[in-house]
Amino acid sequence: MATATAQFNVSAIGCPDDNTTAIIRNYFNVTEYRCLTRFFGSPPLSTGVGYAVVLAFGLAFGIATVALVYADQYFFRRTMSSEYFNTAGRSVRTGLTAAVIVSQWTWAATLLQSSNVAFQYGVSGPLWYAVGASVQVVLFSMMAVLVKLRAPTAHTFLEIVRARWGTVAHIIFMVFALLTNVIVTSLLILGASDTVQALTGVDVDIASVLIPLGVIMYTLAGGLKATFVASYFNTAIILISLVIFLFKVYVTSEELGSPDKVYDLLEQVATVEPVPNNRDGSYLTLFSRNGFFFGLVNLVGNFGTVFIDQSYWQSAIAATPSASWKGYLLGGLCWFAIPFSLATSLGLAAVARSLPITDAEADKGLVPPAAAKDLMGNGGASLILVMLFMAVTSSGASEQIAVSSLIAYDVYRTYINPNCSGRRIIFISRIVILTFGLFMGVFGIALHHIGVNLNFLYLAMGVFIGPAVVPVAYSICWGRASARGAICGALIGLVCGLSVWFGYGSTFDGGITIVNLNQNEVMLAGNLASIVSSGVICTVLSLLSPDDCDWSTTRAIALIEDDPNAHIPFETEESLERALKRIGVSGIVITIVLVLCWPALTLPVGVFSKGYFKFWVIISFIWGIVSCCLMVIMPLIESRNDILVVLSMGRYANRPGKNEGDGEESLEDFVVEDR
């Protein structure tokens, strides 16, 4: 971050002499912020607004979601079987799959931390955040196709691990999977509760407990389908809000209102608060050492939160065959707009306005709430609050249903009651949803009291879950990967990652402390050690003593109740096989363009000119608006017949061939056969 205390003469603006050392920023001497030592002194919104959003809004949203799910069951005569509860009938289409991916991947950290790194590093922060967390989803499209081909009846990725490598590997990777869900949910609760407290004054402990409650209700009632329906609305609200903030910062704001004005202010702020290790101390350059380190940590760490998070495998399982990969490619690209465009607007606006945001406030993710409050008053604060609540409820619901599936199928069915009924699976799933939601509320309180903040946990997560990435990916994509390689890779990788992280951190003054462990280079070393050592060990041991998997064991994973969509027709399977190589090439090309080509083409610019910054802002506008239109409109078009049936109370009959799961574009539009 730029220096916490602005290097200008605060006595010149009439502040008490004994207070000048604590005053931060407000370089432009805005009367409202004169002599402040932090931005959030008293909450801008009332406590009642906080409870209204967390409780009343959450309850109303939950009731509406459950009503839609039951309408779907009533009008289309669908039964809430265990397969439907946990896989949504394996019939979700491309648009909704993409919207769900956007929603699942939009955490509290996505909205909050992305603007924080813009506040710290300038324009490089939003780009590295978006690049470092979108390519994993794009690359996961290959996993989504392989699940359909090699484990079409699976409910969880741990079932695949057990079918490949047995009980020991199953238990070890279950620990990694559950740890991932706990970390992700903790990030949601930490970011949301801190923001709710800052904006409304609701006690952070109370907010930590109340936030999961609204999610629990509709997840309990409707299972995965309810989560998907809620995810669509959440994605729509988040992206529409994003577009509003873009226009406010760069078009309509009296204080800012144009890229030229923002550029001039960023230049002026850099003369007072230059960014350490940025070229010329500028906020307007990709030559940012700390920004680059953050991007690498972000890139490495987020592989774990996609590949080891059951919710992403569950979305792939729930999708139709062609939607399984199209949804991930489209979702990854549309999600890119959220951190990139939002942070390019609110994050840079906070810098341009020289808002008196402390380091502690920034680490809690309070940069976008501060910028929204500054530019739009209480309306902006309320919009951020709703936006954040949408992100937390959607991602939280996905984590709850993911954990419930892991416990129901990989613990209860596997080790306690192998002959259980579908009704029993639903019962166990609901018990787990309730228990996990309440546990995470209490766990969130504990994290607050021991001083763990959003920024630290977000950067550190890759050290803990990164060692499982390569083995889990190999479980479905490499038949020669062995149990010994997977187990040794994961465990030794974890030891290596922790050793490097703590060892490097101990070399700084003060030894092993949260501050030292949170250094960018220390985080990078720990994250890289975890994932790289695991991958090398798993690969080498598998080559020395390879497995010989023909995927018959993964294809034999048993269903509890019949699901006609679980078995892929031979023609569809052939199409998926032919498309797989092109899907892989697409994912790799997109990754290279985002990770290498875009930064490489921007670095020669050095410090942005005013014209180049305007071009940069235009890109953020286009990406944000196109993503918003696609994610709002596409699912509605795909489900138009179903919507008409429900709105007409069943009087509008589905046209032949337009039932659930139909209407998907053919795989042949992607596969060019050799003639």
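Cβ from N, Cα, C; glycine included.
The range from 370-391, 524-545 that TrEMBL describes as transmembrane segment is residues 524-545. Within the set 291-308, 399-416, the record from TrEMBL flags 291-308 under the feature transmembrane segment. The transmembrane segment (486-504) makes no contact with the transmembrane segment (328-355): fewer than 3 of their CB pairs lie within 8 A, with pairs spaced 6 or more apart in sequence. Listed as Cβ neighbours of the transmembrane segment (232-251) (distance under 8 Å, sequence separation of 6 or more from its ends, same chain) are residues 61, 65, 96, 99-100, 102-103, 106, 111, 257-259, 262, 337-338, 341-342, 345-346, 348-349, 371-372, 375-376, 380, 383-384, 386-387, 390-391, 393-394, 617, 620-621, 624-625, 627-628, 631-632, 635. Two recorded stretches are said to be in contact when at least 3 C-beta pairs lie under 8 angstroms, sequence spacing 6 or more; the transmembrane segment (127-147) and the transmembrane segment (583-601) meet this definition. Between the transmembrane segment (168-192) and the transmembrane segment (583-601) there are fewer than 3 Cβ pairs closer than 8 Å, counting only pairs 6 or more residues apart in sequence, which means the two stretches are not in contact.
Count of Cβ pairs under 8 Å against the transmembrane segment (291-308): among 49-70, 328-355, 456-474, the largest is for 456-474.
Listed as Cβ neighbours of the transmembrane segment (328-355) (distance under 8 Å, sequence separation of 6 or more from its ends, same chain) are residues 2, 6, 25-28, 30, 33, 39, 94, 97-102, 105-106, 110-111, 114-119, 122-123, 125-127, 129-131, 133-138, 140-141, 144, 238-239, 242, 245-246, 248-250, 253, 255-256, 261-262, 265-266, 269, 272-273, 283, 316, 367-368, 370-372, 374-375, 583, 586-587, 590, 594, 616-617, 620-621, 623-624, 626-628, 630-631.
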